[in-house]
Amino acid sequence: MVVLPQPVTLDNHISLIPTYKPVPVLTSHSIPVVNLADPEAKTRIVKACEEFGFFKVVNHGVRPELMTRLEQEAIGFFGLPQSLKNRAGPPEPYGYGNKRIGPNGDVGWIEYLLLNANPQLSSPKTSAVFRQTPQIFRESVEEYMKEIKEVSYKVLEMVAEELGIEPRDTLSKMLRDEKSDSCLRLNHYPAAEEEAEKMVKVGFGEHTDPQIISVLRSNNTAGLQICVKDGSWVAVPPDHSSFFINVGDALQVMTNGRFKSVKHRVLADTRRSRISMIYFGGPPLSQKIAPLPCLVPEQDDWLYKEFTWSQYKSSAYKSKLGDYRLGLFEKQPLLNHKTLV
């Protein structure tokens, strides 16, 4: 296992990190696994999106050396002295962040680097990160991004085929668009001492991803948990050689709620640090998001109002991490969403 070259001290100005009791791995809720080379893959993907909003993919086609190299480069960055890392922050939203998650008071036992995944829309903070890191860091990010994007396109095109969405690239073209608002996030969760009464620190609090799809890969340290239909939390066994796919809020809307955006969180491990890398596939800011007419022909049957990605992104940025953000865009907002998750 790759480890950080030196202990990491997070921002000491923030001391109140939320805690939870650990949850067991619930074997009754086996995480769906999809072999992308399987002729039945598209059927399995849709079933997983309907039942969990989450699944693991194997035989994904991303070269293992790219995954390992980007992890090593991330470890190198997070192992830098704090003063050097701070030059890449604070995030706006791109750049380096430490404990603070967003602008509305959410905190976690985490440091992270958020990079714009679209070279056509390079941000000043992303450029600053590349200036302060070796050339191999940028090369690793760019090569990894090329291959992970192909995974996301393939998954979305399989979804379209299985649901009968025409044309086949209806979903994937939003991510292929030169103005796609996608990003890559590198997370580092340092090992954290166990709190009193066996409580553990929250690395990243419960939330859903607002984009269309998220593709996650981590090292072999546990911590990721998802919320299943009965409201219980399930610990996801780590697998450094595979990817985990999350349904995002935008895809939930486009399928009119048939797919569910999965609520998830990360708890800090008390023994080992965790490195994760997530590609968030988002559409262009001007893209209209609404139930797809080929799936829901009558607008009276739509559960959601039409909105642009820019509108939703702006709304999400003003909310707390755990807020039910889609509630503002439902045609008949739920009075008590907590009873339904």
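The backbone N, Cα and C atoms fix where each Cβ goes, and this holds for glycine too.
Note that the structure is predicted; figures quoted are calculated from it, not measured.
According to Swiss-Prot, the active site annotation covers R274, on the basis of sequence analysis. The annotation Fe cation binding site is assigned in Swiss-Prot to H207, D209, H264 on the grounds of sequence analysis. Annotated 2-oxoglutarate binding site per Swiss-Prot: R274, in sequence order. Residues or ranges marked as domain 'Fe2OG dioxygenase' by Swiss-Prot on the basis of sequence analysis: 179-283.
Take the Cα of R274 (active site) and measure to each of the binding-site residues H207, D209, H264: the nearest one is H264. Counting every protein chain shown, the Cβ of H207 (Fe cation binding site) has 21 other Cβ atoms within 10 Å. Using the Cβ center of H207, D209, H264 for Fe cation, the list of other same-chain residues with Cβ within 8 Å runs, in sequence order, E206, T208, S214, N246, S261, V262, K263, R265.
In the three-state DSSP assignment, the secondary structure recorded for D209 (Fe cation binding site) is coil.
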